[in-house]
Amino acid sequence: MSIEALKARLPDYAKDLRLNLGSVLTTSSLKPGQVWGAAIAAAYAARNDDVTRAIVAEAAQHLDAAGLTAAKAAGAIMGMNNVYYRTVHLSGNADFKKIPARLRMNVIGNPGVEKVDFELWSLAASAVNGCGMCIEAHEREVMHKGMSTENIQDAVRIAAVIHAVATVLDAEAALSGQDGSTAVAA
């Protein structure tokens, strides 16, 4: 599955998403590897088979093996951390903030790529997963490492569009009685 095939499957009511998917992946203040790493992490968070396949296939042209693995790892570890820390953040129980998480997160300390890139990709996944505490932490890290507000906005725009595309494809699949990986838009 290619990005163009994904765009072709979007129904006319999602034309804005079709156009945005092309633009956020090609027009950015980010380096190409940063764009595609953010896209992978967002696709993992969005959980649509075809979106993930298309994004990872295209990203393989822009990232080396270490970058692909690190972007997948960002999506994976944020799948855990975003649930945990969103609960800590939103719970009325102040004790949660005092107790150690006791969850392995070694990949954050040694992602195999530049730390700023991994943090940016984690921010993209956190935006999809809606963890405010994680968004703030990753935003602070990338800003501290020299990224601009525009860089952060571009990563979040990528995440937003990928999430929306996955949502539409899943909804259209549900309406047609198919699973999310085989739907065809009318």
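Backbone N, Cα and C define each Cβ position, glycine as well.
Residues or ranges marked as disulfide bond in Swiss-Prot: C131-C134. Residues or ranges marked as active site, proton donor in Swiss-Prot (evidence: sequence analysis): C131. Under the heading active site, cysteine sulfenic acid (-SOH) intermediate, Swiss-Prot lists C134, citing sequence analysis as support.
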C134 (disulfide bond), number of other Cβ atoms within 10 Å: 23
Packing count at C131 (disulfide bond) (other Cβ atoms within 10 Å of its Cβ): 24
Per DSSP, three-state class assigned to C134 (disulfide bond): helix
